[in-house]
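Enquirer: I have a structure I would like to understand better, so I am pasting it below and will then ask my questions one at a time.
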Amino acid sequence: MDTMPMARMGPRKKKPRQMGASMASPAHDIKFRDLVLYILERKMGTTRRAFLMELARRKGFRVENELSDSVTHIVAENNSGSDVLEWLQVQNIKASSQLELLDVSWLIECIGAGKPVEMTGKHQLVARRDFSASSNPEPQKIPPLAVQKISPYACQRRTTLNNCNHIFTDAFEVLAENYEFRENEGCCLAFMRAASVLKSLPFTIISMKDTEGIPCLGDKVKCIIEEIIEDGQSSEVKAVLNDERYQSFKLFTSVFGVGLKTSEKWFRMGFRNLSNIRSDKTLKFTRMQKAGFLYYEDLVSCVTRAEAEAVSVLVNEAVWAFLPDASVTMTGGFRRGKKIGHDVDFLITSPESTEEDEQQLLPKVINLWERKGLLLYYDLMESTFEKFKLPSRKVDALDHFQKCFLILKLHHQRVDSGKSGQQEGKTWKAIRVDLVMCPYECRAYALLGWTGSRQFERDLRRYATHERKMILDNHALYDKTKRIFLKAESEEEIFAHLGLDYIDPWERNA
Ligand code: CTP
Ligand code: MN
Ligand code: MN
């Protein structure tokens, strides 16, 4: 692959052929005929634009001087999606809905690779409804942005990590959490749904007009949006952040093994900080909470991707020592492309193993780590799986797979960078790991269920129930009308059974 850095390409422009000259005569062969690029000068400047145009043409890209109907990809720098959309509107371009609007980082990667590279959420200035997983960079026909109705179900929206409404979603998440602490489920859900829908928007809300036609935004939510637009913050959020109960619950639940009940108890007893709780002789802690306090600092500092990869190596080594044909997939937030997480989740399954092999794998893995001194905590939950039971109706139901919640000792030298989160003297970091073992037939359902996000999963189940008369859980999909279980080999097949467009894992960050 040609990955020549930009700096070294610079001097080449001194060649006889002038950049300006190439405007009229594309002296380069066009290798990628399906792509017609246009580079936006706005906020980029003439010189840099001309330079990038020349580079791209040299690599075989077709780059137009003028914006025309044939353009398929618009590349911009220092412009937001709404900046470009606005600019397009002014240009009176009717075909705007069929364009890919991309950040210059995409073009630079293409130039580096000498060919079109996959367009991901981080490149796209405006999220595309039908952006597919394949590295197929061909332009896709989509309906105009304006008439695309936003679904009230997260499983019908594409939500990348590219959230351009943080200012609102952060506020809603604080309010949702506060309602959760106060056990007000209805209000909690309303704010979580509102946050979720705003995360999927391809533009930043800057006026109340932008909220028109967006589902899941009730009056209360809209009031807060309005306040944030006007004052930059919400007084209610500010009050919650300063609330003693909220602050205490937030702190207490940050300890592994501490939920609402324990937090409530400690709050009522008058505790307001962790050190007093830790040193109190009258309190009884569960094994989980003891581990939570013991490794508190490590566990609250998030797991990085490099650390997750290092854990993945450990898991693969251990699993393959006992079940060489097993497949180990990293699920959870990291599968959705997150750069950090509170834990690392893995799904394990094996095509050839017997039920007994399956049952013994996790205990064997735990035993191996124990002998190696890597096991800081574990809680093994035996499978309660019954093959012919109906899927659960509960939207937040736990599954019946054998699983293990662990805290592993990860030595710094096993991590790529070598020094992530290193403290003096301590050569390792405690990492939360979830392992799930599932029967081979269920793997697609288990994978879908353990990839999340939680909001995405909730809405998948809600959609299945209310729109399809089906019951979905982490094991199966049941069609109540036909009274049959629908088999699936892949996540794509599950979406198809539900009549949904396929949504890639990195678009499930609802
Ligand atoms: N999950 C589940 N049953 C559980 C626990 C989790 O089905 N008992 C699923 C949830 O749908 C969740 C996913 O597994 O989306 C991963 O859970 P978790 O690790 O809690 O969340 P992440 O999305 O991975 O977030 P983080 O990065 O903070 O770990
Ligand atoms: Mn996780
Ligand atoms: Mn987890």
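Numbering starts at 1 and runs along the chain as displayed.
Using the three backbone atoms N, Cα and C, a Cβ is placed for every residue, glycine included.
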Enquirer: In TrEMBL, D343, D345 are given as binding Mg(2+), so which of D231, D243, D434, D459 is in that site too?
Expert: D434
Enquirer: So which range, 1-23, 116-138, gets flagged region 'Disordered' in TrEMBL?
Expert: 1-23
Enquirer: Determine the Cβ neighbour count for D434 (Mg(2+) binding site): the number of other Cβ atoms within 10 Å of its Cβ.
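Expert: Result for D434 (Mg(2+) binding site): 16 other Cβ atoms within 10 Å.
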Enquirer: What are the non-local neighbours of D345 (Mg(2+) binding site), defined as same-chain residues 6+ apart in sequence with CB under 8 A from its CB?
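Expert: Result: M330, T331, G332, G333, F334, R335, V433, D434, V436, W450.
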Enquirer: For the recorded Mg(2+) site formed by D343, D345, D434, name the remaining residues of the chain with Cβ within 8 Å of the site's Cβ center, in chain order.
Expert: T331, G332, G341, V344, F346, F405, R432, V433, L435
Enquirer: Looking at Cβ-Cβ distances, which residues of the chain lie under 8 angstroms from D343 (Mg(2+) binding site) while being 6 or more apart from it?
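Expert: Same-chain residues close to D343 (Mg(2+) binding site) (Cβ under 8 Å, separated by 6 or more) are V303, G332, I431, R432, V433, D434.
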